[in-house]
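Down below is the structure, laid out as structure tokens.
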Amino acid sequence: MDLTMFVQRCDCGAEHLLEVLHVAGVEMQLTAAVSFLTILQEESVSIHTYAHSFLQVILLHLEHRDTGVSNAWLETLLIKREILPLVKSLCQDVEYEVRSCMCRQLENIAQGVGTELTKSVVLPELIELSRDEGSSVRLAAFETLVNLLDIFDTDDRSQTILPLVKSFCEKSFKADESILISLSFHLGKLCHGLYGIFTPDQHLRFLEFYKKLCTLGLQEENGHNENQIPPQILEQEKKYISVRKNCAYNFPAMTVFVDPKNFHMELYSTFFCLCHDPEVPVRYTIAICFYEVSKLLNSGVYLIHKELITLLQDESLEVLDALIDHLPEILELMSTGGESSVQENKLSSLPDLIPALTAAEQRAAASLKWRTHEKLLQKYACLPQIISSDQIYYRFLQRMFAIMMTNNVLPVQKAASRTLCVFLRYNRKQEQRHEVIQKLIEQLGQGKSYWNRLRFLDTCEFIIEIFSKSFFCKYFFLPAIELTHDPVANVRMKLCYLLPKVKSTLKIPADKLLLQQLEMCVRKLLCQEKDKDVLAIVKRTVLELDRMEMSMDAFQKKFYEKDLLDQEKEREELLLLEMEQLEKEKQQNDGKPMSDKTFEKKRRDTKTPTTLPKSIPISVPGPSSGTPSTSKEIKKSKLIRSQSFNNQAFHAKYGNLDKCASSKSSAATYTPPVSAKTSMISLTDDSFRTRNANNAPTSFSPNIPLPSTSRGTGNSADPKSSGSKDAQPRKATL
């Protein structure tokens, strides 16, 4: 107890402790609290000296972020009630600053001494302080009362607190503007705490008081230049802006106060004013609260459709950034709520939504705030659930592709790429899907700029994440691995990182040929790669590929969840074609397109159940000739592969072209084994059968041309022209 003795011996110990405890850790804080408690229990000093010397230290640490420390300090107030007389003495100090400081500590003291002492001792002091001649003291008393509302019972609230609050609000306009700022900030909490106590007349008065604060200062604007306005007037206007900002912050609480059913009659005009406020901080705050208000209105959310458009078109990107944090949830409420539950035409009540969304994106793209642009593009991924497939295709999808091709900010390009993949995933017209796939392969995968080819690999990664394995294998597998011949080292390096994910899309035995082509590309990299950084990554990738276990067409327990998810994706992709065919038939019959509601119902009906009997195999249609290999074949495969890898990949340096040619010859005579992990067959194997048109998903047309490239051995060096973003295109037929 060295600390205890130090405090006992030195009158100024508390001052030193205050400096030390301000930066002390948890252990030091706990030790100090125990020491203070020991002094109090042993009555080493008088209660007056104890309170005078240590009360400030105790109160300052009651709100410590560590709960254990806070409780330890709280214990020092629960042993001796003699401390309360000193508290009362400080509340009546002749200096208004002391009274104000002590008043702000009454909340912590009330939590420490309990409800009974709070009602009998603390509350009378607060009532007296609320009538103090000093405005700062009255303000501190008001804020403390609001924070302690939960402690008082209904009688105390209705008979004591409500009259004080009413008087305080009535006098606030005649007082300093700082009081209005505090009052506007606590008004929502105040109305919530006193809810159920107001008479109808009092309820109406508080509501009118809130409305008046929401427009405070707007009536006095005269359009003068700021340079012509006196400084004191400018300072006053800044305080008025803070008041309106606080009112916007409390708007959800006031919506509850009036009941959402009465929103249109009671608060809509106020909400309109806040959304059109001339000051950005006010509009920014109401944009943050927009989602909460939408949830509260529920079926009445249609009332604020126009305000959503207004905030989307706001000239300030700060307002837009605040709004788009919950944009998907807001748009979902807008599309499912409203007067009608029918979703035949989702945009019938929001005719200006698409122009507002496109204008918002263009405004963000033209600014220097790329993070806002990135976030907005990410949020646009919700649009397939909100608007029709054709509207997305003509108004948004092409824009995403343009951003991928022209924008210079990598996170923005990736956000556009992923959102484009989501648009493609839910596109309901096969012709449009094929067009987008063709553009991705030709303009990105085979583009002149190596930067575009890098973005193509990013897109492939998103395709693997969002689509089924069969979709990627059918359209993007060959164009992706063809980039092993790319003349730019960075492209080859990025592809190497992607190869494990590419291999994970294959299923054995249906994809034996694709697996063989992947292995051939990897061996070619091992033989011909001259860039040391790329070669090092290739070696690591080969080891990772060799350790990977392949998915089988038949059910495997270890891949149960992944196979189930992939099966669900493939079923939905098949459903797209089915829905398109049904829609064409319906248009021929009555000329009306299929509704999104019907499509969603059909999609739900075809979903895979969450649990399936383990006795039922989960399989994907494919050739039946392939069978799992035996354990001996697996071991033999690994042995042969290890020998080939040691002879080729880990050779220190290729001494000359003869050695490289020798390696090529060795690779050419290599006979890949058939195994569960690295299942391969010879190119001349007559029993091999690829995915045919019958086994492929019907939603993917086998007639679409899939451009692929053949670049020979041009990757032995990086030509200067290939290293720029304007390298020559490479088109050929694989």
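Indices start at 1 and increase along the chain as displayed.
Placement of Cβ uses the backbone N, Cα and C atoms for every residue, glycine included.
For 583-607, the entry in TrEMBL reads compositional bias 'Basic and acidic residues'.
The compositional bias 'Low complexity' annotation in TrEMBL covers 613-631.
Marked as compositional bias 'Polar residues' by TrEMBL: 686-725.
Annotation source TrEMBL lists region 'Disordered' at 583-635 (among others).
Annotation source TrEMBL lists region 'Disordered' at 686-734 (among others).
For 83-120 (among others), the entry in TrEMBL reads repeat 'HEAT'. Sorting each residue of the repeat 'HEAT' (83-120) by its DSSP state yields 33 helix, 0 strand, 5 coil.
What TrEMBL records for 122-160 (among others) is repeat 'HEAT'. Residues 87-88, 91-92, 96-97, 99-100, 103-104, 106-107, 109-110, 113, 115, 168, 175-176, 178-179, 182-183, 186, 189-190, 193-194, 197 of the same chain lie 6 or more positions beyond the ends of the repeat 'HEAT' (122-160) yet place their CB under 8 Å from a CB of it.
Secondary structure counts, DSSP: the repeat 'HEAT' (122-160) has 28 helix, 0 strand, 11 coil.
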